[in-house]
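Heads up, the thing below is written out as C-alpha cells.
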Amino acid sequence: MPLWELWFFLLALFLAWLTPPGNGNEGSMAGSCPCNRRISSHSPPTDHDMRHLRKYLNHYQHCTSYVRFQLPRGSVCGGSSDQWVLKLMGCFDRGECGRAHARTVAHQQHLAPQNTRVPELPERAPPDSSTPAQTNLPSTLQPTQKPTLPEGMPSLAKKLIPTSETDTSTVGHSLGAKSEARENQEQLGKNVGATAGTSALVPVLSLLVIIFLLTGVLLYVMCKKRQEQSRQYPPDPQLHYVPVASNINT
C-alpha cells in the first residue's frame, strides 16, 4: 500500500471517530435535525419543564418521526404523536407561548403605565376683562350684594371675584400693548421700504458703471486703431499744395 493511501485511510478513521453516532432517526450532530435532549414517550416532561419550554421556545421543526424544539441553549426533541408535543406546537402556533409571546407581554406591560393617565381637572375659565365685574355674579344677586362664602376662604374669594381696578389695569395694559405693536409694525414697514429701495437701486448703479466701462473701452480701441492706420498710411504732402496760375503781367 502506498504511503499516501495509508495517510488517507488514517485520516478517514480519525474523522469517523470524531463524529458521534446518531440515536435512531435523531441524526448526528452534523445532521440536519440534531437534538441535545430526547424525551421518551414513556416519561413526558414535568410541569416545570413544560413551563420552561413554553417560556423559552424559539421555534420547532418537524423531523422524520419526531419534532425538535429549539431553545436558546440547545434543543429538545419528542415524538410526533406525543401529547405534550402536540400541546406545545398548538400553543406556539396560536402565539400563546414562546419568546415572541413573552416579549409581546412585556411590551404591553411597559406601555400600560404610560397609557394610564390621571384625569385632569377642568380648567377654570379666566374672567373676561372687557366686561364689568358684575357680569360674573349670578343673576339672582344684586350689583350691590356680595356672594356669601364659607368661613376660611377669604383668599379664594379674592382670587375668584375680580375687582374693577384689576379690570381697568388689564384693559389699559392691553391698549398700551396694541398701540406699541402698531408703532413697531409701522417702523418695520418703513425699514422694509427703505431696504427695498436700496436693493432696487444697486442693480441700476451697477448697470450704469458697466455701460461707462464698455464705452471707455470701445473709445480706446477705436483711437488705437485710428493711430495704427495713420502710421501705416501717412498722408501725401502734394495734396496740401494747390497749383496757382502764373501772373502774366510779371
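Cβ atoms here come from the backbone N, Cα and C positions, even for glycine.
Keep in mind the model is a prediction, meaning the values are calculated, not measured.
So that you can see what the record holds, here are the features copied from Swiss-Prot:
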type	residues	note
SIGNAL	1-24	signal peptide
DISULFID	CYS33-CYS63	disulfide bond
DISULFID	CYS35-CYS77	disulfide bond
REGION	105-186	region 'Disordered'
COMPBIAS	128-147	compositional bias 'Polar residues'
COMPBIAS	163-172	compositional bias 'Polar residues'
TRANSMEM	201-221	transmembrane segment
TOPO_DOM	222-250	topological domain 'Cytoplasmic'
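This view paints the features noted in Swiss-Prot onto the structure.
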residue: CYS33; record: disulfide bond; CB count, 10 Å: 18
residue: CYS35; record: disulfide bond; CB count, 10 Å: 23
residue: CYS63; record: disulfide bond; CB count, 10 Å: 18
residue: CYS77; record: disulfide bond; CB count, 10 Å: 25
Integer Å distance between the CA atoms belonging to CYS77 (disulfide bond) and CYS33 (disulfide bond): 10
Tertiary contacts of the transmembrane segment (201-221), as residues 6+ beyond its ends and Cβ separation under 8 Å: none
Cα separation, CYS35 (disulfide bond) to CYS63 (disulfide bond) (Å, whole number): 10
